């Protein structure tokens with residue numbers, strides 16, 4: 001055959017040149033291009049290679065042939081007939097090559113099963129018993145044959161044989177018991193023998209990849225919220241709660257498994273146990289809200305100053321504001337004293353001013369602090385006839401803490417005993433120096449009764465406001481502060497909001513602390529409804545979900561859903577903090593109460609008209625508690641007294657106190673029927689004094705001892721009927737019968753008892769005065785000696801009061 005190119009040979013054998021080049025390369029022929037010629041020798045070499053490779057593949061595929069045969073027959077035994085299905089299988093194996101025959105002298109030949117099955121078939125026709133043995137033999141033969149076909153691992157071999165040897169017994173049992181149910185047996189055998197069984201070696205290999213014990217301690221990054229229970233902290237560190245409690249005991253803190261701990265304490269515990277703490281801020285939602293609102297953009301315009309009038313009680317703060325507003329607020333206040341924060345927007349001839357009137361009573365410290373917090377200028381009212389008082393000094397401290405300027409108004413200069421110079425001297429001791437003395441505080445003598453000096457005071461206020469250059473953005477979402485809040489029976493929660501920037505409109509979504517809502521109505525300080533309020537404008541807002549806490553910041557939120565989420569988050573956070581405080585206080589009191597006597601407690605259900613008054617009353621009443629008696633306010637709230645309040649008082653044996661609120665008709669009927677102690681007050685002085693009297697009645701009685709007389713023993717008489725009788729001379733006071741006595745020997749008390757008998761000249765007498773002789777019999781005491789002294793005293797109960 002003539003030489004031809006690789007391409008021509010590929011066309012001849014009907015294959016691609018590339019495939020032919022690959023086969024030449026596998027055959028060891030050094031041809032790399034399709035245009036190269038291929039010789040006859042190289043063709044034979046390629047042909048030999050192809051034959052060898054194809055024969056190996058076909059040998060592998062056809063080295064084993066299995067023929068299966070199935071035969072059905074019926075065996076009759078009397079009236080019964082049994083269907084017998086006999087399956088046979090024959091395997092043909094191709095002989096191995098000559099080289100293997102030389103190395104392996106005796107190849108293994110499988111025993112054909114056809115003859116066995118034929119014999120079984122013949123025997124099955126004879127009787128049923130022989131057929132049963134034949135089926136058993138066939139099953140055993142197949143069971144022996146099955147493991148020999150599988151590849152066995154030396155390590156797992158014995159275990160496999162044990163399992164296989166057990167399996168035919170179960171099948172034999174089925175064959176013996178259910179011989180007449182051949183089809184059912186086959187179906188069950190098929191279910192027990194799935195077509196594809198997972199290899200035990202691979203399964204064991206998977207099982208070997210189990211838990212690996214760490215060689216070094218696992219250090220975890222523990223995410224810590226602002227408060228967390230001990231159980232949750234232990235779960236985050238994957239340790240038992242007892243380990244965490246033990247670690248905290250080493251740090252000096254006694255905790256329980258359900259107790260909440262703060263973030264800092266949890267971080268210390270995590271570091272102590274070898275992990276890394278990661279502090280999480282839970283107020284991300286609020287921060288995102290503030291970032292969304294951002295700084296209010298727009299042109300800042302001048303606004304009216306917010307002026308807070310502060311000073312001691314009865315120094316004329318509200319009277320001064322009355323004269324400025326040309327109204328009579330003082331006459332409507334209970335007792336003539338202010339007990340709420342009043343916000344008023346006043347138009348004067350000189351300009352607009354917003355006044356905040358704060359209480360002067362010592363119980364309203366929080367109100368005064370709130371007034372100083374949201375103000376621009378503080379007007380300190382001092383009575384010229386009274387001088388500087390404790391609440392005056394407190395007002396100065398609030399103004400300094402808020403870093404606001406102070407204008408001093410010396411009131412009541414119309415009185416003859418007024419001394420303004422003394423006021424300046426007293427205030428100078430508190431670093432409040434007038435301008436004429438080189439200080440920076442403006443002083444203005446005024447009279448709220450006659451109106452003297454009030455115009456000059458307003459000029460000074462506006463002058464101070466010009467110096468401060470007060471400006472605010474008058475458009476955009478409003479921001480403000482809740483000055484006061486209350487619960488109105490007809491209108492629901494009402495909050496007095498002082499707008500600090502932006503403009504508040506009807507329908508805005510307002511978020512105030514833990515409460516939110518849509519502004520349904522706005523009422524100005526003059527009692528008229530309004531539709532909008534700008535900077536420095538106080539308005540009453542209706543529509544909040546609950547009574548807000550005075551002093552909270554009010555923000556207009558564009559999305560009601562976002563406002564609801566933030567309010568609920570704050571409520572949950574407040575609840576957690578309150579429970580943590582209560583639990584901490586409870587744990588701290590456990591050891592304090594050990595060894596102490598029972599502490600008398602006065603339970604009170606307190607209801608007030610506004611949030612600020614409720615806060616002040618709660619603080620004032622809690623301050624009345626002492627080591628012996630305690631005020632326990634079991635419930636408090638804003639609004640009228642309801643039946644639930646009375647039922648709570650009945651259950652806890654409490655007194656119901658209403659401050660400027662009343663009970664409705666059904667509640668009064670319940671109070672009369674159950675006999676609950678219900679008290680109304682409108683002046684804080686009266687309320688505190690009444691609670692003091694009630695606490696004084698709970699105090700344990702205190703007794704004073706007063707020595708009535710002293711007798712000296714001159715002689716001792718013995719009597720078989722009465723015992724020892726001391727003949728005495730009364731040297732001091734009066735000796736009375738049935739009073740307690742003390743027997744003194746060498747001025748040391750040796751006995752305390754009762755004076756049983758008192759005689760003079762064998763006559764019983766009630767008392768013996770000084771300088772008179774008498775006979776004294778001491779009850780249950782006979783060891784009286786000459787020279788002893790008998791001291792007679794009496795106990796008197798002292799009325800105790802709460803300081």
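Cβ atoms are placed via backbone N, Cα and C, with glycine included.
Matching 95-125, 188-218, 219-249 against Swiss-Prot, the residues noted as region 'Disordered' span 95-125. Swiss-Prot tags one of the stretches 411-414, 415-418, 419-422, 423-426 as region 'G4', and that stretch is 411-414. Per Swiss-Prot, the stretch carrying the note region 'G2' among 326-330, 331-335, 336-340, 341-345 is 336-340. Within the listed segments 15-55, 138-178, Swiss-Prot records region 'Disordered' for the stretch 138-178. Counting residues of the region 'G4' (411-414) by DSSP class, helix then strand then coil, yields 0 helix, 1 strand, 3 coil. Confidence in the region 'G4' (411-414), given as mean pLDDT, stands at 84. Summarised by DSSP class, the composition of the region 'G1' (311-318) is 2 helix, 1 strand, 5 coil. Counting every protein chain shown, the number of other Cβ atoms lying within 10 Å of the Cβ of residue 317 (GTP binding site) is 30.
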